[in-house]
Amino acid sequence: MKIILANPRGFCAGVDRAISIVELALEIHGAPIYVRHEVVHNRFVVNGLRDRGAIFVEELSEVPDGAIVIFSAHGVSQAVRQEAKDRNLKVFDATCPLVTKVHMQVARASRKGTKAILIGHKGHPEVEGTMGQYSNEDGGIFLIEKVEDIARLPMQDNDDLTFMTQTTLSLDDTAETIAALKEKYPAIQGPHKNDICYATTNRQEAVRELAKLSDLVLVVGSKNSSNSNRLAELASRMGIKSQLLDDPSDIQDDWFNDVKTIGITAGASAPEELVQSIISRLKEFGANTIEELQGLEENMFFEVPKELRIKEVN
């Protein structure tokens, strides 16, 4: 069997920054460091940080007063920020700057009283944080996931409307939903370029090319990773068998029936270390050649908070 590697794949700038924030906070301040929600959606990464002293919680009520807490890359609502401030928690914010950009769009709509429509997945922490930027009772923010949801929106054609999207959605599904929104609400405003981030876009485009050459596409990523799930879905829609896996232990013998070429990619929160461990396992199943596709070079970089750039000196 032959292995073909997608490019780009794996960590994006926002994930790199978020992990660095937790690592630096542990190095500078020592354990325990509390993290609200999984800092990124990858089991391997989270377990590694937990082993080093990070404590992952879902609510700030689980964090002692005055402790250090890190907000995950997915962002938090204004209510969570206020709660942290009221309880005198020391906060390091690992929210991806591209998520923060969407937060600013929602906050702007809230200040103006413009009704907002967010395209995203209900229950995802990024969506909860983004929805939580809207506080104007004279307007409102409404969540839709697909074209069919548009019919139940309560707004009128002449309402002042704007839309924004979760950053990790399917490019194809989102384009279809935006087109349907504009058809129903011709005057609706939105971002000049959709809010789906560069890493999601690049990895989906890379999988399109990978799937054309593969009998099976393996996506390295955790089940709760939105962008990883979209990669597996995209390959399946192209008629190619696909599997989402956390690590080599997930690999099953029957995946390789009639498979001559295996394509491998990784979600934006999956480290290259996992990709290489899966390649090693595939060699045991008979994979004997590896090819890496050419792809877009990514050079995006996001700084960590200033307080974490220089070690404290006693």
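Quick reminder: no glycine exception, Cβ is built from N, Cα and C everywhere.
Model, not experiment: these values are computed from the prediction.
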Site co-member for (2E)-4-hydroxy-3-methylbut-2-enyl diphosphate according to Swiss-Prot, given HIS41, HIS74, HIS124, SER225, SER226, ASN227, SER269, out of THR162, THR165, THR167:
THR167
Can you give me the Cα-Cα distance between SER269 (isopentenyl diphosphate binding site) and GLU126 (active site, proton donor) in Å, rounded to a whole number?
14
Just to be sure I understand the packing, how many Cβ atoms besides its own are within 10 Å of the Cβ of HIS41 (isopentenyl diphosphate binding site)?
29
Sorted by position, what residues of the same chain at least six away from GLU126 (active site, proton donor) have a C-beta under 8 A from it?
HIS74, GLY75, VAL99, GLY120, GLN166, THR167, THR168, SER226
Provide, as an integer number of angstrom, the distance between the C-alpha atoms of CYS96 ([4Fe-4S] cluster binding site) and HIS41 (isopentenyl diphosphate binding site).
13
Near CYS12 ([4Fe-4S] cluster binding site), which residues of its own chain have a C-beta under 8 A away, given they sit six or more steps off in sequence?
CYS197, TYR198, ALA199, ALA268, SER269, GLU298, MET300
